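Notes follow the structure.
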Amino acid sequence: MNAENFGSSERLVAAAYVRQGAQGRRGHELLLRALLEQGKCPEDGWDESTIELFLHELAIMDSNNFLGNCGVGEREGRVASGLVARRHYRLIHGIGRSGDISAVQPKAAGSSLLNKLTNSVVLDIIKLAGVQTVTNCFVVPMATGMSLTLCFLTLRHKRPKAKYIIWPRIDQKSCFKSMITAGFEPVVIENVLEGDELRTDIEAVEAKIKALGAENILCVHSTTSCFAPRVPDRLEELAVICANYDIPHIVNNAYGVQSSKCMHLIQQGARVGRIDAFVQSLDKNFMVPVGGAIIAGFDASFIQEISKMYPGRASASPSLDVLITLLSLGASGYKQLLKERKEMFSYLSSGLKKLANTYSERLLDTPHNPISLAMSLKNLDENNDVAVTQLGSMLFTRQVSGARVVPCGTVQTVNNYTFKGFMSHSNNYPCAYLNAASAIGIKKRDVDVFLKRLDKCLKTCRKEGNKEKSVNEICDSNTGTEQLAN
């Protein structure tokens, strides 16, 4: 209510009580005012009543919620189900216009304001997470793979002769298909093995640029967050190469916002060389439903070009989800989650190392990977060919999600490209292994339950392996006796 309505209320309720109510309302409004003026994530999280009040205020600014609105167009924010309308807080018009996903929508001032505020708050969080010189970003209602495709399509207009994308290998289908979908030819650069780690072959990247010609290369497509034993690309070296050869550089930072190491690599790469854009997932970094990503960069005009490449309006759901989440957490709440994730990484690492020693395996030494861990399955693989894949099935049926069991020598064809040793990021990684990650939101209980169930599964696999070994020894013994008799 405004001041006039509060004044009118005093005819019905004692003025002292009305003034007290007005002061309570004023407290909510001060929070809203700070957000609108500063465009930053509040330090302390908001309560749900403040967030709902804010969203209601935005919604009634959209034309579909005007009292007496008469819509005669083909898109008027009509929703048949009240449940659907409430699910979206009656913010129905989406974001953007046909020519620019970041543009203001005349029919939907509230939704447009939501879009602008979300991008501003997310930019603030990216800076908080470690990339302090980022200048612009926007939330796009597509997951990471399609958002990368949008970046590549934008670069096409800047480099019309280019047909290749230099890509240090990472065995994840969506980032590979993002290049194919955009109509480009990925040039796969195999990683080099350094100890247990798979790292970027910088010399091979530069050699391939010279062989193909810089003008024929659309960009270098690098990666930060990844499954061990692969580790983040050498972003600083790649950024310098891109600057030297005047080649764009797009970084797949899928779940890297939660890692200070990954964000530091991006910041340093931009400082010493060239990074045009970096793309990160909303669900992996902010614990919201799948379906959104953030495209960010250091040249505001280029990021704006990418937003203009998006055809048509877009769903506001990813923007709404991440804004609600960040307003609920506040900057302090998000920083606490980042701190807890780091602590759980150390806890998971310690637990896996102890368990690995119990089964004569080892935790692979991958100090450059700040999120994912890998435990060797060498003995399991040697004793039983199918035991490695069985272990993955056993974990899944015991409700352990996210753990990846990677056997040796798997061959996979993706869009007519054949990868040897698929999932291991290498043609010939020395051993089979199991992955586990410490991602944002993980709790001590998750780690404890995982280690307990993994222990039981490994114990079962070892027993079955010993049985099979005994049977084989008996068969070999009988065969040998028969040969002597003959």
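The backbone N, Cα and C atoms fix where each Cβ goes, and this holds for glycine too.
Fair warning: this is a prediction, and the values are worked out from it, not measured in the lab.
So that you can see what the record holds, here are the features copied from TrEMBL:
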type: BINDING; residues: Arg75; note: pyridoxal 5'-phosphate binding site
type: BINDING; residues: Arg97, Ser98, Gln105, Arg313; note: substrate binding site
type: BINDING; residues: Arg271, Arg398, Lys463; note: tRNA binding site
type: MOD_RES; residues: Lys284; note: N6-(pyridoxal phosphate)lysine
Residue among the recorded positions Arg75, Arg271, Lys284, Lys463 whose Cβ has the most other Cβ atoms within 10 Å: Lys284
Nearest-integer angstrom distance between the alpha carbons (Cα) of Arg75 (pyridoxal 5'-phosphate binding site) and Arg313 (substrate binding site): 11
Inter-residue Cα distance where the pair is the residue listed as 'N6-(pyridoxal phosphate)lysine' and Arg271 (tRNA binding site), in Å: 26
Env. residues of substrate site, Cβ within 8 Å of mean position of Arg97, Ser98, Gln105, Arg313 Cβ: Gly94, Ile95, Gly96, Gly99, Asp100, Ile101, Ala103, Gly312
Top Cα neighbour of Arg97 (substrate binding site) in the set of recorded positions Lys284, Arg398, Lys463: Lys284
Nonlocal neighbours by CB distance (under 8 Å) for Gln105 (substrate binding site), same chain, sequence gap 6 or more: His93, Gly94, Ile95, Gly96, Arg97, Ser111, Ser112, Arg313
Least buried by Cβ count (within 10 Å) of the binding-site residues Arg97, Ser98, Arg313, Arg398: Ser98
Nearest of the binding-site residues (Ser98, Arg398, Lys463) to the residue listed as 'N6-(pyridoxal phosphate)lysine', judged by Cα-Cα distance: Arg398
